[in-house]
Amino acid sequence: DCPSDWSSYEGHCYRVFNEPQNWADAEKFCTQQHKGSHLVSFQSSEEADFVVQMTRPILNANLVWIGLSNLWNQCNSQWSDGTXLDYKXWREQFECLVSRTTNNEWLSMDCSSTHSFVCEFQA
């Protein structure tokens, strides 16, 4: 069972937080709400639809952080001759994903921007 202020779907509990934070702070906030809680992840279109239905009345047309980013899986790059990549001439861009609450369209955003978010844990 989900706590009283959380919504239930397919054995998972969800809660919308209309307190804009950056991605890392939102993820940390989620982990502090309940054991096993993280920013929402979608395993099916039905689950995504449920979250859209849940968030729309609270946030209207808005964006919410979801639990996808490239913050922790930067690849170890090396040159084709095997030497390490010590010199970088490109701008490092850390991207995190938001979901549009009206239609679940995913958009990449700068991880330091602030948005509302949805936390989820397995009941």
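Using N, Cα and C of the backbone, Cβ positions are placed for all residues, glycine too.
Candidates considered were Cys30, Cys75, Cys96. The record in Swiss-Prot pairs Cys119 in a disulfide bond with Cys30. Fewest Cβ neighbours within 10 Å among the disulfide-bonded residues Cys2, Cys13, Cys96, Cys119: that distinction goes to Cys2. Of the listed disulfide-bonded residues, namely Cys30, Cys111, the sparsest CB environment within 10 A is found at Cys111. Comparing C-alpha positions, Cys2 (disulfide bond) sits nearest to Cys119 among the disulfide-bonded residues Cys30, Cys96, Cys111, Cys119. In this structure the C-alpha atoms belonging to Cys96 (disulfide bond) and Cys119 (disulfide bond) are separated by 15 Å. When the alpha carbons of Cys13 (disulfide bond) and Cys111 (disulfide bond) are compared, the span between them is 25 angstrom.
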